[in-house]
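Colleague: Questions regarding the structure given below will be posed in turn.
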């Protein structure tokens, strides 16, 4: 019998959650991570599944995700502990045939349930499936320190925030030319913040929750982690720059345009226009 804890997707979740913990992005039970799978990914591990999978209804049906398996982090679980006990802190779930709920096939032992932000994740998965023709498979939420810090001092506007991050590090425009969506402050763990996040995910692979954290989307765990890491590195540079009295010189609009042309990306027009 193959052990599911040795599968690429469990091992990938262990690495991503451990790396995020070591970065300082996921204190206590902060942060959550979901990865969309295919039936072929989980088929070799059916002998590991619960004999009687628990069923949990969704707060709203999501027919686009019908019959789709995911691996998810658990509610109240600490990222630092995933590596110690994957079955207690992660779960493989599968949405039912009408998208009204899901079964917990593996993991989330001792009656644990998926992250409280699952509505935000699933709604964002729906939008990124449509926006990327199914390429994006990962939604990651974390409390990236410097990005959060900037939401207290920068105007919480997509164009303004995006332009500052592009100027903070040359690679940013190449990595997220679509910019950073920003919400108003909202209560987490609700359908409302999930819907607002998903709406921004139609246009952006990064969405900031002011005074709270960031959501990122990508095709793989590495791509998604790298996306957030790149934005966070720029935010760290900006925090240092602002603390030293602000910018005396920076990347110009003309240079940003040249950068986009060189790497074949189309920068967010509203950010470029500032």
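Any Cβ shown, glycine's included, is placed from N, Cα and C.
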Colleague: Report the candidate from 204, 212 that shares the Zn(2+) site with 141, 143, as recorded in Swiss-Prot.
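Modeller: According to Swiss-Prot, the candidate sharing the Zn(2+) site with 141, 143 is 212.
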Colleague: On the three-state reduction of DSSP, what should I expect for residue 212 (Zn(2+) binding site)?
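Modeller: DSSP assigns residue 212 (Zn(2+) binding site) to coil.
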Colleague: By Cβ count within 10 Å, point out the most packed of the binding-site residues listed: 141, 143, 212.
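Modeller: In terms of Cβ crowding, the pick is 141.
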Colleague: Using a Cβ cut-off under 8 Å and a sequence separation of 6 or more, which residues in the same chain sit near residue 117 (active site)?
Modeller: 32, 141, 188, 189, 194
